[in-house]
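The next block holds one structure in the form of structure tokens; read it before the comments.
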Amino acid sequence: MNRFHISGPKNLSGEIKISGSKNAALPILLTSLLISEPIKLKNVPKLTDIMYAIKILTKLGVKIKVEKKVLYIDAKTIAICTIPDYLTKKTRASIWILGPLLARFGQAKISLPGGCKIGKRKIDLHLSGLKKLGANIAIKNNYIIGSVITKLIGNTIVLPIASVGATITIMSAATIATGITIINNAAREPEIIDVANFLNKLGAKIIGAGSKNIFITGVLKLHGGSYTIMPDRIETGTFLVAAAISNGSIICHNTKPNVLINLTKKLCETGAQIKTGTNWISLNMKGIYSKAINIKTAPYPGFPTDMQAIFSLLNLVSHGNSIVTETIFENRFSYVSELKKMGAKAQIKNNSLFCYGVKKLYSATVFASDLRSCASLILAGCIADGTTIVKNIHYIKRGYERFQEKLQSIGAKICN
């Protein structure tokens with residue numbers, strides 16, 4: 001059934017092992033097309049978006065073996081360079097296959113990508129970046145059709161906005177292009193560093209990932225090897241907030257505290273007690289009535305847009321009023337009307353959410369409309385009085401591995 005029945009309120013406390021990062025695993029998996037030798041990817045989360053990416057690669061002729069959290073990939077031989085819409089419409093990440101196909105094979109035909117419906121999320125920057133590397137690209141009958149006469153050629157590309165997706169597309173395509181490519185105003189997200197580390201381990205020459213300027217010296221080819229995907233910082237943040245909203249205490253293991261400073265700093269401002277180690281973060285909110293604080297999403301190292309819906313829930317059940325400003329995507333407050341059904345008090349004005357804290361939420365039947373709103377509504381159900389029904393839970397499986405089981409392990413009462 002595409003719904004959860006959640007009984008609350010429950011105190012969410014315990015220990016969680018964080019899974020591999022969805023936002024790193026997807027581009028790394030798809031850029032494996034650049035490599036003709038066998039690859040071993042470890043710590044790959046079991047998610048529907050990963051499954052769709054595997055189906056796309058398999059359709060192209062890539063051989064993939066799955067063993068728990070490990071993928072064995074052999075892209076030595078590609079049968080076709082065309083991806084039909086029934087595959088690309090399932091995940092927006094499918095756009096990341098365009099660069100590797102053009103760089104290695106000189107041709108590509110993919111249907112326009114799908115994914116969560118959050119704002120416009122244009123692909124213009126991906127296409128313009130590839131054009132500056134020498135690709136010929138046109139859109140016909142809902143398909144992106146690309147070709148390269150000989151090889152992609154390095155160039156200096158200035159991104160008008162620091163797009164994560166476009167940075168990854170250009171960086172991956174440039175690894176086996178001729179000459180040097182410079183990406184100015186590149187996105188700085190940790191997942192971009194992870195993609196660069198993966199490519200560098202297999203022979204790429206990328207310098208500056210994680211800064212505003214990335215330099216890529218094209219190499220003739222990449223070689224095979226093994227790589228471990230970084231932990232998921234958004235999953236970590238989600239479970240930290242889960243404990244915070246329920247006056248709980250949690251330890252998140254197998255994570256990277258240094259890439260979560262933008263979030264943990266804000267959690268401390270709410271009153272949470274945060275401790276960190278080399279690969280763990282703990283939060284204690286027992287006996288503490290959280291304070292509502294203002295947040296504003298921004299490209300990394302700013303506050304992550306993927307945490308906006310989840311942190312807003314904390315504001316809505318905290319003491320005082322606050323303003324949440326969304327600067328990355330349009331239409332990312334779809335969850336607010338659903339939380340209002342549960343007793344939340346909020347008002348949307350343009351790209352800002354005005355939160356008026358309440359002490360308690362109440363059960364209701366609510367509908368998720370994207371991945372992060374689904375997580376927010378599920379967490380709301382965990383602390384609401386009564387039994388909440390969250391529908392459209394298929395979204396949660398796109399970005400959280402074993403979310404139901406992990407929540408149950410820290411005290412949530414959830415069933416289908």
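A Cβ is built for glycine as well, from the same backbone N, Cα and C atoms used for every other residue.
In Swiss-Prot this protein carries:
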{"type": "ACT_SITE", "residues": "Cys116", "note": "active site, proton donor"}
{"type": "BINDING", "residues": "Lys22, Asn23", "note": "phosphoenolpyruvate binding site"}
{"type": "BINDING", "residues": "Arg92, Asp306, Ile328", "note": "UDP-N-acetyl-alpha-D-glucosamine binding site"}
{"type": "MOD_RES", "residues": "Cys116", "note": "2-(S-cysteinyl)pyruvic acid O-phosphothioketal"}
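On the structure: features taken from Swiss-Prot.
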residue	record	Cβ contacts under 8 Å, 6 or more apart
Lys22	phosphoenolpyruvate binding site	Pro45, Leu47, Asp49, Ile50, Asp232, Ile234, Arg398, Gly399
Asn23	phosphoenolpyruvate binding site	Val164, Glu189, Glu191, Asp232, Ile234, Asp306
Ile328	UDP-N-acetyl-alpha-D-glucosamine binding site	Thr297, Ala298, Pro299, Thr305
For UDP-N-acetyl-alpha-D-glucosamine: widest Cα to Cα gap among Arg92, Asp306, Ile328 in Å: 16
Coarse DSSP state, helix versus strand versus coil, of Arg92 (UDP-N-acetyl-alpha-D-glucosamine binding site): helix
Around the Cβ of Asp306 (UDP-N-acetyl-alpha-D-glucosamine binding site), the count of other Cβ atoms that are within 10 Å: 22
